[in-house]
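A.B. asks: There's a structure below that I have some questions on.
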C-alpha cells in the first residue's frame, strides 16, 4: 500500500508545473510525518516484544479511582505522571547515533564509542569488554574483584580482571537476577520460578557448588501437607504460597535485617530469612508482573510492576510477628515500571519506566516526588547508583551518567555508547584506593572514581570507568 501511495504521489508531481511544484510544500510535510510515525511504531514494537520485562496484562481501566487507597498510611500522595519536565536531556541530541529503527539493526553508528564531553579524558570511558557466546546477559553482580554474570544459557560465569575465572550451571531456567551475601553465598533467580543458592569453596576459590534452593526441601514438604498453604493460580492450578510459580525477575538483599526479597512474574513479593532460608511472607503485591524490587532506607522496600505502579512496603509489628505492610503508592501510570534504584546516603529512590523516563522521590517528612529525568529514547531497563551518580541503561543501547547536584537537580555528565544491543543490567563498585592515586585527596566524595559493569542483549559485558567530578 505504501508503494502504491508513493507511485500516485509521483504521478501527481509529474502533472504539476515546475512553478507549482516550487510553491508546493506537501512533499516535505509528508516525508516528515512518515519518519515521525515510523519512529513511534518502532519504539512500540520493541517495548511489546522485549523479553527484558513482562508486558502488562492489566487493563488501564481496572483500577477504581473512586475507592480509597490503602488507608493504613498518611503517605497517600500518589504521583500521576504528566508532561512536566524538571530535568530534561536527550541522549539523541548529543549523539551522532541518531537511529530511528530497531536497536538490533546493524549500523556503522554502533562503533561510535566516545562521548564528546570526555573524549580525551583517561579517567572516564571504556576499559574493556568480556564476551562469551552463550546468550543475552540478563543479570550481573560484583563482589570484591569478582564479577558474576547470568545469561539465557542457564550459566553463571565468574570473571576476574576481565578474564574467565570460574563458572557454574543450573539445570534449567534463564538467570534473571543475582545477589551476593557477605558470607560468600550467591542467590540466583531463574525463569523457571526457582531461587538457587551457591557457595564458593574456601580451599578452591574457583569452585562453586549448589548448596540449596528456596524454598528448602524440608519446608516444601512440611507446608505441602496443609491445604491452607496453597493458593489457586491460572488454569485452576493450586500451588504452595511459599514457592514462585512464574519467573523470578528480581532479587534484593537487606543484610542488616538478614532478609532476602524476591519479586516474580506471578505478581508476588516473597520475604526470605537468610539464616535458615525460611519463607517468612508471601505478599500479593501487584496486579501484574513484579519487574523490580529494591531494599531501601528506613527499612523500606520498593516494588515496581508491569501494572504501572511503584509501591512502598515497611516492616512493622503485627501481633507477635513482623509483617511488611503497604504504606504508600508512589506512582500510578499506564507505562510499566521497569527498574528501581536507591541512593541510601541522600534517601532518594529512582524509578525507570518503559516510556524512557526516570522519576525520583526524596525523603522529607514523607517521600515526595521531586522530578522527572529524560535521557532515553526507549525503555529504561536498568538503574544503579554510585555515590552521587545515577546510571541508567536503556533499550536504545545507551548508558546515561547523571550527577545529583546539591539542590536536588540532575546533570548528565556523559552518555556511554558502545553496546550493540539493549543494556539490560548495571552495577558499580568504587575503584580501589591504590588504583585511584591521581590526587592527594582521592578519597574525597567530589572526586570518587567508579568501575561500572554493564550487561547487554548483545551477549557482552562492558567495563567502564566513571569519575564523580565536583561541580
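Indices start at 1 and increase along the chain as displayed.
Backbone N, Cα and C atoms are what each Cβ position is placed from, and that goes for glycine too.
Sharing the record's features from TrEMBL:
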REGION    31-68  region 'Disordered'
COMPBIAS  32-42  compositional bias 'Basic and acidic residues'
COMPBIAS  43-54  compositional bias 'Polar residues'
COMPBIAS  55-68  compositional bias 'Low complexity'
REPEAT    241-282  repeat 'WD'
REPEAT    283-314  repeat 'WD'
REPEAT    330-362  repeat 'WD'
REPEAT    373-403  repeat 'WD'
A.B. asks: Note the mean pLDDT of the repeat 'WD' (330-362), expressed as a whole number.
C.D. replies: 96
A.B. asks: Count the residues of the repeat 'WD' (330-362) that DSSP assigns to helix (H, G, I), to strand (E, B) and to coil, and report the three numbers in that order.
C.D. replies: 0 helix, 22 strand, 11 coil
A.B. asks: So, by DSSP, how many helix, strand and coil residues make up the repeat 'WD' (241-282)?
C.D. replies: 0 helix, 24 strand, 18 coil
